[in-house]
Amino acid sequence: MNPHAKLITTLSLIAGTSITISSNHWIMAWTGLEINTLAIIPLISKPHHPRAIEAAIKYFLTQSTASALILFSSMMNAWHTGQWDITQLNHPTPCLVLTMAIAIKLGLVPFHFWFPEVLQGSSLTTALLLSTLMKLPPITLLLMTSQSLNPTLLTSLAISSTLIGGWMGLNQTQTRKILAFSSISHLGWMIAIIIYSPKLTLLTFLLYTLMTTAIFLSLNQIKVLKLSTMLISWTKTPMLNATLMLTLLSLAGLPPLTGFMPKWLIIQELTKQEMTPTATIITMLSLLGLFFYLRLAYHSTITLPPNSSNHMKLWHTNKSSNTTTAILIALSTSLLPLSPLMLTMA
């Protein structure tokens, strides 16, 4: 991609996200979301491959539909209440329409079908942006309107997202699709707690972003797009593969790694809110996700493939590791002892 085009795209992404998360008016928030959508499409379609073009079209259609619904809900709310302020969402019908629109933008079940396909058609770097940065503006809108949303609807979305995210990821062989269903499952955890503790939702999103960034950068460094390639990648970067295994287990939520902290705090908060059945259900459903995380971890550290592979063994490289990746992996595996401090801040 042309350096000038890349610069304009990057600045547009930053500007769109900043406008949405800092605005109080619905029109400004909608404008930021539109800037984000138009800025990410050139990055998705950059490879000039039919799958990339298909992914860009799917992304554009779904995001345009969601943006139109957000504008529609804000106009309905202004019609009923005379307010364009984001925090003044008081009428139940605009609340319902807004929840559906944000669910489409985030890829929550049952509006999740576009997300794995778009990630599969994108490069690893673009998939990282779609899984992290592009989720921030919609989650910010949910945080700002959380007191007005329907708890029953959000709990249903959370449970179904955790279920489908874990279930659909079981049979996947492409790493990008596995991480897409992982994102859907984690969003279910965030949505479950957003009404009762918005700050905990934000903390969960930040930690998810940290761990997902470390995984995507590691996969990008060893050029792994599917599990069969991951089987023989240990010969190229054995240390990176070992730390990748720890990061995957952290994303699965196993103690004593960083990923255990948000799940522990969410279960604790749901229990305090007398929502023990919901906490039990999403905890049991997270075991589905644990299975494919363990599968990924197994493939990343295995030294003898159990079946014949057509891939040529890779030479061990002596290149210095990426410092950013090393720092992110360290944070993704060692932040659990700081839980009391983070809980105090939240």
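Heads up, the Cβ atoms here are built off N, Cα and C, so glycines get one too.
Look at TrEMBL and you will find 23-288 tagged as domain 'NADH:quinone oxidoreductase/Mrp antiporter transmembrane'.
Confidence annotation: the domain 'NADH dehydrogenase subunit 2 C-terminal' (290-343) carries a mean pLDDT of 74 in the model. Under the heading domain 'NADH dehydrogenase subunit 2 C-terminal', TrEMBL lists 290-343.
Residues or ranges marked as transmembrane segment by TrEMBL: 56-76 (among others).
Residues annotated as transmembrane segment in TrEMBL: 96-115 (among others). Listed as Cβ neighbours of the transmembrane segment (96-115) (distance under 8 Å, sequence separation of 6 or more from its ends, same chain) are residues 33, 58-59, 62-63, 65-67, 69-70, 72-74, 76, 89, 130, 135, 138-139, 141-142, 145, 149-150, 153-154, 157, 160-161, 163-165, 180, 183-184, 187-188, 191.
According to TrEMBL, the transmembrane segment annotation covers 152-171 (among others). Counting residues 6+ beyond its ends, the transmembrane segment (152-171) has Cβ neighbours under 8 Å at 96, 99, 103, 108-110, 112, 116, 177-178, 181-189, 191-192, 194-195, 275, 278, 281-282, 285-289, 291-292 in the same chain.
As annotated by TrEMBL, transmembrane segment applies to 178-196 (among others).
Annotation source TrEMBL lists transmembrane segment at 202-219 (among others).
Long-range Cβ contacts of the transmembrane segment (240-261) within its own chain (Cβ-Cβ under 8 Å, at least 6 residues beyond either end) map to 182, 207-208, 210-212, 214-215, 218-219, 221-222, 233-234, 286, 289-290, 293-294, 296-297, 300-301, 321, 325-326, 329, 331-336, 339, 342. Residues or ranges marked as transmembrane segment in TrEMBL: 240-261 (among others).
Taken from TrEMBL, the feature transmembrane segment covers 281-304 (among others). Counting residues 6+ beyond its ends, the transmembrane segment (281-304) has Cβ neighbours under 8 Å at 158-159, 162-163, 165-167, 169-170, 172, 175, 178, 181-182, 185, 188-189, 192, 227, 230-231, 233-234, 241-242, 244-245, 248-249, 251-254, 263, 267 in the same chain.
Annotation source TrEMBL lists transmembrane segment at 325-343 (among others).
Contact between the transmembrane segment (178-196) and the transmembrane segment (56-76) is not supported: fewer than 3 Cβ pairs lie under 8 Å, counting only residues 6 or more apart in sequence. Within its own chain, the transmembrane segment (56-76) is flanked in space by residues 26-27, 29-30, 33-34, 37, 40-41, 44-45, 84, 89, 91, 93-95, 97-98, 100-102, 104-105, 111, 114, 117-118, 121, 130, 141, which lie at least six positions past its ends and keep a Cβ under 8 Å from the stretch.
Listed by sequence, the residues of this chain that lie at least six past the ends of the transmembrane segment (202-219) yet keep a Cβ under 8 A from its Cβ atoms are 124-125, 127-128, 131-132, 135-136, 139, 143, 175, 179, 182-183, 186, 189-190, 193, 225, 240, 243-244, 247-248, 250-251, 258-259, 261-262, 265-266, 322, 324-325, 328-329, 331-332, 335, 342, 346. Packing against the transmembrane segment (325-343) from elsewhere in the chain are residues 203, 207, 210-211, 213-214, 217-218, 221, 240, 243-244, 246-247, 250-251, 255-261, 264-265: each is 6 or more residues past its ends and has a CB under 8 Å from a CB in it.
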